[in-house]
Amino acid sequence: MPAIVLIGAQWGDEGKGKATDLLGGRLQWVVRYQGGNNAGHTVVLPNGDKFALHLIPSGILTPGVRNVIGNGVVVDPGVLLDELAGLEARDVDTSGLLLSADAHLIMPYHVAIDKVTERFLGNKKIGTTGRGIGPCYQDKVARVGVRVADVLDEKILTQKVEAALEFKNQVLVKIYNRRALDPQQVVDEVLGQAESFAHRIADTRLQLNEALERGETVLLEGSQGTLLDVDHGTYPYVTSSNPTSGGAAVGSGIGPNKISTVLGILKCYTTRVGSGPFPTELFDQYGEFLAKQGGEVGVTTGRARRCGWFDAVIARYATRVNGITDYFLTKLDVLSSLERVPICVAYEIDGQRVEQMPTTQTEFHHAKPIYEEMPGWWEDISAARTFEELPANAQAYVRRLEELSGARISCIGVGPGRDQTIVRHDVLG
């Protein structure tokens, strides 16, 4: 069975954990291929148990599934160990989790620099989570990063940390007026943490490709979303990695010809956390309604999410840049009880109608949504398990989103639970 990529098609927080959990029983492997603990996903099990994960793939909650933190991920050792301990305390078997030897480690100096930089920028800040993700990726690209495998060689680790702090301590002390970090203290801290995860380090590229050769099913799970991609997102208000489908091959070591399906996750309205343009953002009672009904609070940051109507311009763009074959539409139940449900079908920019993503940052900031209104529905749809059980207006809304997005909507979420899903097409079929 070829690999499947799971992509957030908006600004993240679309409900990717629910999709992974739904497919989990038919998967052998789940791979996280980019990002770090700057994003979170929530999974609600049939018994009502809720798990919030930030670094570990959500397949960890499905017995028998092997999970991989891939080479494209940046790993905070402390967060990894805390998350493992939290899962094990709730009797989750974590023995099947592997960690790529080539993933990069978030070091204490990355976190320190990230936090003080955001404070220094003031109202010009990008809105990072302050968890060291960006600085770690900077070191990776500059070829001065610390990789997971380095914890297996104390001499190499010490050399890398000493070289890094020779420069970074200058930045912390002379620019930000902060205390210098002691290289040996940093090394000792990381080596101490490594004692608890060294047995998980592996050549995950080899293991994943061998699994595909055996006919096993591999899900490549992205974090965040298309519009946060460092290349294809609303730059500079983006993350430091590639959540789009192209990043799945690079961040896992699986060749693109092994990928057969790209499953995009779309929320039936739009949300965003942090700074940056958001054409359909609502500042009225409807925005409050979506936030309250949808429980729109960031899993990782605890920050309230900005809410707006569905943006078909963004959805079309996500379909194109990811090669999305199928969509999983989430949170349709949140829209119940609205008399009318607007859909942004295009933008007005400087008096012109624009149906594709604007080319420049300035144009996107000036974009005003052009809405098409659909009739709403009052019924509680949380018990629907077939498309035909949905109210006629809800069915019409889904079909219109499918038409505007340019890919079929194969699954529909009608509640947070694993079983609260309508499957129109089998994405693993």
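Glycine residues also receive a Cβ, built from the backbone N, Cα and C atoms like all the rest.
For the IMP site that Swiss-Prot gives as D13, E14, G15, K16, N38, A39, G40, H41, T129, R143, Q224, R303, the extra residue drawn from T239, T244, T319 is T239. Q224 (IMP binding site) falls outside any helix or strand according to DSSP and counts as coil. When the record's IMP-binding residues D13, E14, G15, K16, N38, A39, G40, H41, T129, R143, Q224, T239, R303 are compared pairwise by CA position, the greatest distance found is 34 Å. Annotation: H41 carries the greatest number of neighbouring Cβ atoms among the recorded positions H41, R303 [cut-off 10 Å, Cβ to Cβ]. On the backbone, the CA of T129 (IMP binding site) and the CA of A304 (substrate binding site) stand 13 Å apart. Among the recorded positions K18, H41, V414, the residue whose Cα lies closest in space to that of R305 (substrate binding site) is H41. Counting other Cβ atoms within 10 Å of each Cβ, the lowest count among the binding-site residues A304, L332, V414 belongs to A304.
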